[in-house]
Amino acid sequence: MSKIFWSPGLEQLEPYTPGEQPESKTLIKLNTNENPYPASPQALGLLKQYDFSDALRRYPDPESRELRRAIADKHKLTPEQVFVGNGSDEVLALSFYSFFRRREPLLFPDITYSFYPVYCQLFDIESRKIPLARDFSVQLQDYSAPAAGVIIPNPNAPTGRYLPLDEIEALLECQPQRVVIVDEAYIDFGGDSAITLINRYPNLLVIHTLSKSYALAGLRLGFAMGQKHLIQGLLRAKNSFNSYPIDAVAQRVATAAIRDTAWHADNCGKVIATRKRCEQTLAEIGFEVVPSQANFLLVKPPQPGAEAFNQALRKRDILVRYFNQPRISEYLRISIGTDAEMDQLIRNCKEILASQS
Ligand SMILES: *Cc1c(COP(=O)(O)O)cnc(C)c1O
């Protein structure tokens, strides 16, 4: 293949590798932290009942006003404090571009969401990985060096560990002159959101997604919340790139999903209950389980170890995530599925263990 047409540097980019999305439906899929239940019937019902012909003939609302109003209402903000994008991955990309292209490095934990280094490369942002402690907890004192900013998922991925709000505040105070992004993709599964700090911290940007707790990963909808000056910055970048990112269908469906607060609370409750049960059962059969406030568990399996377990489970049609990288190569990340799926997982883990002896 001839790469002579590519811009210089393109070949050196190392793109993000998403988790496997198999075409077979018989697999138990616990590898990408999707929600195991269908989304809000209010949201899904729209797709069956609503006539989108006019909405699709026209360009969508470039400002997603109704959707931003729904998000602002739910989180007690104003619509001017809300920015929406095509999945939080897009919101993250625009945030990196808007806030972190500086002389100093961007700081993030050494074990974290692997899209961050990809954006750094794309936008020529230097980065510094700050080691987590041995138990994967965040070491706050390491975040006060001169920096372009800080980004941290809370709960962290793929560890699941959660940082309480007073520690998020300490982090914000480490970098008063720089943006601190708290990527709260998993916050609804048990943590307190930093949204309540927004009006007190001009440097705080909180990012949420509909992909996990709203069961709408296929819709591609994420949003950022922060003081107006940060949102204005994001809008400048977005409108220089794509002024209609949220399609008309996604705007409607997402608005209905956000407004269905009862479904959302109930769904999170179910996932949390299943997580707690699994945490206990896996520990009983010899897995080390990292404390999680997310919809997944990072676990260290006993013999024959993580890589062998990953392969053995794959043969039994169960997909989990194995990261062949330093510090977590002995671990598996297992998304929380339905109770029936998790029972199957546990039964298969017991069989794999039994076949060892
Ligand atoms: C899943 C995930 C996202 C991506 O969400 P999308 O809205 O689907 O793009 C962002 N950050 C973290 C930490 C995630 O785990």
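Think of each number as a place in line: the chain as shown, counted from 1.
Keep in mind that glycine also has a Cβ here, set from the backbone N, Cα and C atoms.
Caution: TrEMBL annotation is automatic and unverified by curators.
Feature annotation from TrEMBL assigns domain 'Aminotransferase class I/classII large' to 26-347. Confidence annotation: the domain 'Aminotransferase class I/classII large' (26-347) carries a mean pLDDT of 97 in the model.
Sequence annotations record features per position, and here TrEMBL assigns N6-(pyridoxal phosphate)lysine to Lys212. Counting every protein chain shown, 27 other Cβ atoms lie within 10 Å of the Cβ of Lys212 (N6-(pyridoxal phosphate)lysine).
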